[in-house]
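Single-structure report; data block below.
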Amino acid sequence: MSQAIEIKVPDIGDYDAVPVIEVHVKPGDSINAEDALVTLESDKATMDVPSPQAGVVKDVRIKVGDNVSEGSVLVMLEAANEPAAAPAPAAAAPAPAAAAPAPAPAPAAAPAAAPAAGGGGTIEVKVPDIGDYDAVPVIEVHVKAGDTINAEDAVVTLESDKATMDVPSPQGGVVKEVKVKVGDNVAEGTLLLILEGAAASAAPAAAAAAPAPAASAPAPAPAPAAAAPAPAAAPAAAPAAAGVTGKAAHASPSVRKFARELGVDVSRVPGTGPKGRITQEDVQGYVKGVMSGQAAAPAQAAAAGAGGGELGLLPWPKFDFTRFGEVESKALSRIKKISGANLHRNWVMIPHVTNHDEADITELEAFRLQLNKENEKSGIKVTMLAFMIKATVAALKKFPNFNASLDGDNLVLKKYFNIGFAADTPNGLVVPVIKDADKKGVLEISQEMSELAKLARDGKLKPDQMQGGCFSISSLGGLGGTYFTPIINAPEVAIMGVCKSYQKPVWDGKQFAPRLTLPLSLSWDHRVIDGAEAARFNTYFGQLLADFRRILL
């Protein structure tokens with residue numbers, strides 16, 4: 001007599017074609033509430049779609065490879081006998097009961113967590129599914145022997161390397177014995193405490209406060225929901241919220257698993273269930289907010305407002321520096337504000353790796369000095385950076401992945417060679433670009449660099465003179481240092497950093513000879529470039545500087 005209902009894809013954000021990568025059920029299967037039906041995979045996360053209630057699968061409407069979106073029918077489910085009793089009082093309106101399965105599982109999750117609670121027998125409360133962790137320390141124990149607790153009360157707090165979570169009691173009762181202490185390491189299935197169950201009274205007691213129509217435990221909830229679901233939920237949540245400290249929201253193991261599969265830190269999600277419990281709908285709403293670019297304001301207001309933002313960092317400390325002495329406050333220049341934000345974004349978003357090497361520039365430096373002597377009257381001063389720009393062009397031709405940019409799933413390989421160089425100015429760092437460096441000689445590049453550097457110092461660079469770069473060079477040659485990690489100038493995928501050259505004794509087979517050595521620091525984007533390719537690029541670049549005739553090859 002149970003009526004088959006449609007189980008549909010819940011709210012998964014703004015995705016309208018998410019592929020099904022796994023189907024977990026087939027016709028005839030008996031499933032429980034929260035059992036996974038299918039697994040979906042977006043470009044950002046893999047998630048299981050759970051069943052909102054127990055029953056028997058009558059028909060599966062999708063297969064692996066199908067694309068689904070919110071509202072797509074997944075399976076036809078014949079509800080189990082227990083929930084089937086609910087439609088009787090609401091026979092006049094079966095549609096609302098089927099149309100709103102999502103709110104129902106949230107309250108049902110608590111009774112489902114304590115099926116083994118008999119009348120007043122003892123039960124073992126164990127660590128639920130906490131993912132792949134096998135040794136999570138207990139940092140707080142909230143109960144002691146003799147305490148009377150309610151369902152969803154926190155019993156212990158665990159802390160992994162990524163999050164802190166409370167483990168809630170699956171039901172109410174009296175704590176007979178606590179099996180763990182602060183500092184113990186626990187894993188899924190570890191016994192936390194022995195509870196003398198009040199299942200027959202605790203869970204129904206909470207339910208009985210709201211509905212009056214029937215004495216059976218879960219069935220009465222849908223009856224008032226048919227008339228006014230929102231008002232029914234509000235009174236239940238209000239007293240619960242009043243009794244909660246608000247320090248940590250709780251979530252059932254199934255909801256924690258659901259959140260984990262979506263890549264959501266459950267501690268950031270605000271709970272709307274009883275006692276601040278986090279429901280699946282809360283997690284889905286959080287994900288929808290993040291994917292729509294709203295940064296899930298309700299969920300993250302506290303964390304972001306504390307100064308940690310999305311990275312979950314500690315709040316930035318506030319200091320009154322005047323307590324320690326005299327200070328002066330200066331506003332950041334516009335260039336520093338803009339470049340600082342860009343550098344921070346690039347450092348956080350790009351997986352940087354830096355290879356350090358060195359190049360023998362003894363002969364090249366002698367050649368540079370000779371050129372400067374020859375061009376003394378023309379006023380052109382050749383710098384080592386001009387040679388490095390020409391060497392960079394040759395290296396980019398040999399290793400085209402370095403002359404590229406990421407565009408979603410595509411790699412854009414550039415056929416032009418525009419090389420940027422970092423210029424230090426009184427107002428901050430800028431990167432002028434030498435356009436078509438492959439078509440210019442060292443003297444022309446030196447002249448153009450001098451002109452661009454002057455414009456940069458005077459604050460007169462035009463936007464197009466800082467755009468279109470393929471690769472950048474950051475030179476500290478005139479200042480000092482040995483090696484450093486330059487930050488990639490996105491959307492480029494690599495940057496070369498150079499420091500001050502120094503004399504180094506090198507064994508030539510017969511004796512040690514002084515050689516002028518230039519430190520090289522190549523930072524590269526690991527999404528595009530592999531370590532071996534980066535090492536070859538650095539080696540080849542050094543060979544070009546050591547013997548500039550190789551440029552002609």
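Yeah, the Cβs are placed from backbone N, Cα and C, and that goes for glycine too.
The annotation domain 'Lipoyl-binding 1' is assigned in Swiss-Prot to 4-78 on the grounds of sequence analysis. For K44, K162, the entry in Swiss-Prot reads N6-lipoyllysine. The feature region 'Disordered' is assigned by Swiss-Prot to 97-118. Here Swiss-Prot flags 122-196 as domain 'Lipoyl-binding 2'. The domain 'Peripheral subunit-binding (PSBD)' annotation in Swiss-Prot covers 250-287. Look at Swiss-Prot and you will find H526 tagged as active site, backed by sequence analysis.
Mean model confidence of the domain 'Lipoyl-binding 2' (122-196) amounts to 86 (pLDDT, 0 to 100 scale). When other Cβ atoms within 10 Å of the Cβ of the residue listed as 'active site' are tallied across all protein chains shown, the result is 13. Secondary structure of the domain 'Lipoyl-binding 2' (122-196) per DSSP, as helix, strand and coil residue counts: 0 helix, 38 strand, 37 coil.
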